[in-house]
Structures are given as structure tokens and as C-alpha cells.
Amino acid sequence: MSQVILDLQLACEETSGLPDEALFQRWVDAVIPPFQEESELTIRLVDVAESHELNLTYRGKDKPTNVLSFPFEAPPGIEMPLLGDLIICRQVVEQEASEQGKPLEAHWAHMVVHGSLHLLGYDHIEDDEAEEMEGLETEIMLALGYEDPYISEKIAE
């Protein structure tokens, strides 16, 4: 049986109204086990200032972002279940959900799914990579009972 050990860190000033730990666990359990038997990851929920600082330091982008993924790379020959860390900015997620007319819980789920796929090595820099990753995100979100997170983009095409 596959198992995902989740370390949820609440590093944002306002913690009321956040999804509970059971939801975060459900979301990572929907993504990771098909790819990796045993896994450990940290999800850190932060405010704008920390997201902005990390995004500037590690991506060179001078603004906060919704989710940052920091994969863990074990030294050669050492097997470790540690996947890495997700840093999710509460205010950015809430603002995006509002602007995009998406249910807040669904957008939180999408950020966890999206970030977890990055930890597993997926990316969306090239078009073919983006198509594969977005397809997986959609499949997982539908399996979780949420709408396709890219439906508005598909309708616009």
C-alpha cells in the first residue's frame, strides 16, 4: 500500500478559512501514489511577503506566486522517500480563485495537484510538456470530483 506522509505548515498570519489537513492529505494522495510508493512532502502555506521573497530568490520574479515547488534530490545511491516542499501563497490562491470565478476549494486542490506534479518531475515550459502535465492535472482533478481547471481556456480556443 502506498503512503504519503504530509507535513502541513501554516506560516500565514491568518489561518481561519484554510482547507483542513484532511483535504490536503486527500489531494496529495490522489497525485503521488501512482508514481511513487512511499513519499514524504511538506506543504507550507505562506503570506505574500514570503512568497514574493522566495519567488525573487529562486525564480528571479519580483512578485508573489501561487505555488512554488522545491524537489528534493537525494545524493546518488541513497534511496529516500522525501519528495520535496510546496510553498503555497494563501492570498494569491484566493485572489486567483475570485478573479477566475473558480470555487476556492477547487483552486486550492489544483495548486496542490499542480505543485505535486512538479515535485514528481513534470513541467510546462515546452508545449508538449504543458499538454501532458495539464492532462494529468485535469484527470486528477476530475477524479477528485472537481471541474477541469483548464475548462475556460479550452472553451476560449
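Glycine is treated like the rest: Cβ placed from N, Cα and C.
In Swiss-Prot this protein carries:
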BINDING   His114, His118, His124  Zn(2+) binding site
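Excluding His114, His118, His124, which define the Zn(2+) site, the same chain contributes Val67, Ser69, Gly115, Leu117, Tyr122, Asp123, Met133, Glu137 within 8 Å (Cβ to the Cβ centroid), listed in sequence order.
Neighbour counts of Cβ atoms within 10 Å were taken for the binding-site residues His114, His118, His124; the minimum is at His124. His124 (Zn(2+) binding site) carries neither a helix nor a strand DSSP state and counts as coil.
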